[in-house]
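Notes follow once the structure below has been shown.
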Amino acid sequence: METFAIEGGRPLSGSLRIQGAKNAALPILAASVLAEGQFYIYDVPHLKDIKVMLEILTALGAKAKHVDGCVDLDTTSVSVPHVPDDLMSQMRSSIFLAGPLLARLGEVTISRPGGCDIGERRIDLHLSGLTALGAKIEESEGYITFRAKQLRGTNVFLSFPSVGATENIMMAAVLAKGTTRICNAAREPEIIDLQNFLNAMGARIRGAGTDTIEITGVQRLRSVSYRIIPDRIVTGTFVLAVGIAQGHIELTNTLPEQLTALIEVVRSCGVEIKTRHDIMEIKSNSRPRAYDRIITSPYPGFPTDLQAQLMVFLSQARGTSVIKETIFEGRFKHVNELARMGASIYVDLGSAIIRGVGKLTATSVEATDLRAGAALVLAGLAAEGITTVNQIHHIDRGYDRLEEQLRRLGADITRVSI
Ligand code: EPZ
């Protein structure tokens, strides 16, 4: 087992290039099965979730290599209509392989993805969307089999703007007969990246980034080379790291326009942020002010994936803040760990009331999920003494060697095998 040991109290300084976006790379790698041929996909971060996705594609018959951020992928021999159980259970979001595999092979069997640390993670919108496109779905003993000789375009209304369901339906619809319109679609930037990737392959999609996406089916698609957009959640994590540990850093390969909700909050708490082109300069040399109320919501609202990191920032602020989590019902698991570091947080009816304290105290804490784990690392940067963060495999799912990135910014953090 591995842990992070963090000696707190050191302000951050230096420059860091942001990694490619995990939540853009995963659906784009899944979409590659829609065509036969050689793909080169650049700026793919070296993460556990990416490794699992490449193992799944290999099990389906593809050939995959991942060197220095470039994925070299040959999907010519994709023919196996079954995602292996052990791999399916390692990454819940592999549900969005159903759409592209169904479109390519006419049949696919997956095991029903389990819940995860942050909530139930339902898939009803995925199933109803694929059914609307003409898929026949059978469920038995925890397996779901989708079959369709030919998918047909149709209108799909999503009762919730689910990111994964929007992506799954998009990928299934690109080879369908006719036009598909997704209403109340998710608007995340990663969906625009998926649209751009699929259109580069010869698809005809428009509207990604708005709440209505229109896909006109085509006969076939071709393999391409493509570069993944930067990771806005990793960028936001480092912005909040400066707000928590203080200091002055520069981030490159960023898209500040994708972080307006976060930038608004941290600026009003007293953090200085300057942006020019793909560069963000973040400076903080004092304890932040509290922020009245934040409600996590679908893009472009405040992202749920930055909620835990923001809570650490506000746990040190002058005054009391409230965070309401509306996306995942189980996404407050970091509260107990922060309380053990001296934070004063009260959770009631989906809201966390955070009374800012001056300093957190170092101790041993448990990462319960990806973003909660990252948040506890940030807490360790500011806590007096040595904080140990356990179960850091959660963190490796979404951050490419986080300890090396933070060390480059002057933090005292080491990965320890125990
Ligand atoms: C994506 O998950 C991201 N993962 C998540 O990032 C992110 O938190 C989430 O979108 C919200 O932005 C990837 O892109 C790989 P959803 P996804 O479908 O697609 C409910 C991270 O930390 N729902 O938008 O699973 C669901 O229960 C991860 O990088 C249904 O009810 O999110 C949840 O409450 C965590 N029925 C809400 O919608 C469905 O069929 C949001 O889920 C699907 C979802």
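Glycine is treated like the rest: Cβ placed from N, Cα and C.
Nobody curates TrEMBL annotations by hand; they come from automatic prediction.
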Same UDP-N-acetyl-alpha-D-glucosamine site per TrEMBL - residue from Ile282, Ile294, Ile323, Ile327 joining Arg92, Asp305: Ile327
Site of maximum Cβ density within 10 Å, from binding-site residues Lys22, Arg92: Lys22
Shell of the UDP-N-acetyl-alpha-D-glucosamine site beyond Arg92, Asp305, Ile327, same chain only (C-beta within 8 angstroms of their C-beta centre): Ile118, Gly119, Arg121, Thr304, Phe328, Arg331
Distance from Lys22 (phosphoenolpyruvate binding site) back to Ile327 (UDP-N-acetyl-alpha-D-glucosamine binding site), taken between C-alpha atoms, in Å: 19
For the domain 'Enolpyruvate transferase' (7-406), mean pLDDT (0 to 100): 96
